[in-house]
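Colleague: Below: one structure in structure tokens.
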Amino acid sequence: MMATKEEISMVGFALVAYAGDARTAAVHALDAAEAGDFDKANELVEKAQQDINEAHNQQTQLLSQEAGGAEMDVTFIMVHGQDTLMTTMLLIDETRYMIRMFKRIKELENKQ
């Protein structure tokens with residue numbers, strides 16, 4: 001069985017959409033953390049994680065099909081989707097780290 005280019009492209013579009021939403025939430029989480037609103041930052045990074053999980057689920061479906069022997073034609077939108085997924089996963093990891101950094105900086109500033 002072969003996944004059609006259209007099916008692969010649709011998964012690519014889904015990856016871009018979910019990962020794009022996740023990226024937006026992660027950037028807003030950084031903004032909230034910088035402003036000292038750590039509850040909002042954590043809420044937004046969790047939303048980013050949920051969105052990236054949806055993107056990852058889309059990716060996993062195609063990977064499972066390919067592992068099962070389905071032939072895949074790579075489309076440019078799929079490459080873009082994969083790129084967006086991976087860079088956003090990294091951004092979410094870094095956002096979690098930076099929220100902790102901003103919180104620590106705020107704690108140190110409050111000690112002065």
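Glycine too: its Cβ is placed from the backbone N, Cα and C atoms.
Taken from Swiss-Prot, the feature active site, tele-phosphohistidine intermediate applies to His80, supported by similarity to another entry. The annotation Mg(2+) binding site is assigned in Swiss-Prot to Asp83. As annotated by Swiss-Prot, domain 'PTS EIIA type-3' applies to 6-104. Annotated phosphohistidine per Swiss-Prot: His80, in sequence order.
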Colleague: Under the DSSP assignment, what numbers of helix, strand and coil residues are found in the domain 'PTS EIIA type-3' (6-104)?
Modeller: 88 helix, 1 strand, 10 coil
Colleague: Measure from the Cβ of the residue listed as 'active site, tele-phosphohistidine intermediate' and count the other Cβ atoms within 10 Å, all protein chains considered.
Modeller: 15
Colleague: Which residues does the residue listed as 'Mg(2+) binding site' neighbour through Cβ under 8 Å, counting only same-chain ones at least six apart?
Modeller: none
